[in-house]
Amino acid sequence: MQENLLEKQFLNHPLYAKIQELKALNLACNFSLDDSVNLSTNSQAKDEILAIAKELKPWRKGPFKIDDLFIDTEWQSFIKFNILKPFMNEISQKCVADIGCNNGYYMFKMLEFNPAKLIGFDPSIKYRLQFELINALAKTPIKYELLGVEDLPSYGLKFDVIFCLGVIYHRSDPIKMLKDLKAGLNKNGVVFLDTMYIEDEREIALVPNKTYSKIPNIYFVPSISALKNWCERAGFKEFEVLATKKTDENEQRKTEWIDSFSLENFLDPKDKNLTIEGYEAPKRVYIRIKI
């Protein structure tokens with residue numbers, strides 16, 4: 001029911017109609033990848049593209065370049081992608097899901113590694129519209145579902161590789177989320193996951209009071225040992241830490257494409273190692289887990 005409601009709202013959104021008009025032009029487009037997702041059309045639709053893109057703010061993940069329009073997103077998402085890039089050979093000719101895919105930036109980048117099928121899950125109409133704008137020009141076979149991680153067990157298709165980046169700390173039941181990821185895997189499947197974490201050798205998690213780094217819907221920020229225990233309780237047998245990285249103001253910052261505050265406003269102005277609330281400043285751990 002929720003899926004049908006979101007899909008109906010999406011199809012009735014005025015920007016969806018504008019994107020369909022753009023798509024109907026069937027513009028010739030050169031699609032290329034570097035740090036940005038690059039689209040070169042040399043078209044007469046530049047004004048329309050700019051107007052739609054501005055209406056779709058905030059743009060969180062990216063960047064994207066459409067002709068001479070540079071969508072300078074809040075996150076320099078290629079930094080995270082480059083951390084995972086050495087492991088991208090695992091998606092070649094595989095059925096791949098990106099859970100919490102936002103506007104699809106990571107999926108566009110994954111195309112370079114030739115997945116057999118690529119499906120994004122995110123129950124956000126705005127992010128889906130951002131994806132549709134880019135894909136109206138790029139014309140890729142990526143599929144986007146207005147669904148969440150809880151829909152994986154009943155989705156009807158199992159995946160060889162699942163990416164779940166920056167999601168688990170938004171869930172009030174992280175072990176249930178991990179079980180849902182496990183239920184979405186084929187035999188011998190693998191999950192790549194990242195989360196914010198705290199430095200502590202104990203098997204504990206930070207439970208923020210109201211906000212963490214000014215973000216209201218953060219439930220648990222685990223130690224790496226606690227994260228490992230969550231994964232084991234969910235039924236994963238293999239747990240490997242791939243990398244850790246502190247989030248800095250090069251990776252996440254305010255731009256004209258978000259119209260709101262960003263990391264510099266979320267940290268203690270006197271001590272950048274602390275959030276404005278006094279917690280450890282955000283840092284991320286990247287893991288690979290298998291059944």
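Including glycine, each Cβ sits where the backbone N, Cα and C put it.
Noted in Swiss-Prot for the protein shown:
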- LYS61, TRP75, LYS80, GLY100, ASP122, PRO123, SER124, VAL149, GLU150, TYR169, ARG284: carboxy-S-adenosyl-L-methionine binding site (BINDING)
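Across the residues the record lists as binding carboxy-S-adenosyl-L-methionine (LYS61, TRP75, LYS80, GLY100, ASP122, PRO123, SER124, VAL149, GLU150, TYR169, ARG284), the two Cα atoms farthest apart are 26 Å from each other. Just so you know, the Cβ of ASP122 (carboxy-S-adenosyl-L-methionine binding site) picks up 23 other Cβ atoms within 10 Å once every protein chain is counted. Around GLU150 (carboxy-S-adenosyl-L-methionine binding site), the same-chain residues at least 6 positions away in sequence with a Cβ under 8 Å from its Cβ are MET177, ASP180. When each of the binding-site residues LYS61, LYS80, ARG284 is scored by how many other Cβ atoms sit within 10 Å of its Cβ, ARG284 comes out lowest. Within 10 Å of the C-beta atom of SER124 (carboxy-S-adenosyl-L-methionine binding site) sit 17 other C-beta atoms, taking all shown protein chains into account. In the three-state DSSP scheme, ARG284 (carboxy-S-adenosyl-L-methionine binding site) falls into the strand class. The DSSP secondary structure for ASP122 (carboxy-S-adenosyl-L-methionine binding site) is coil.
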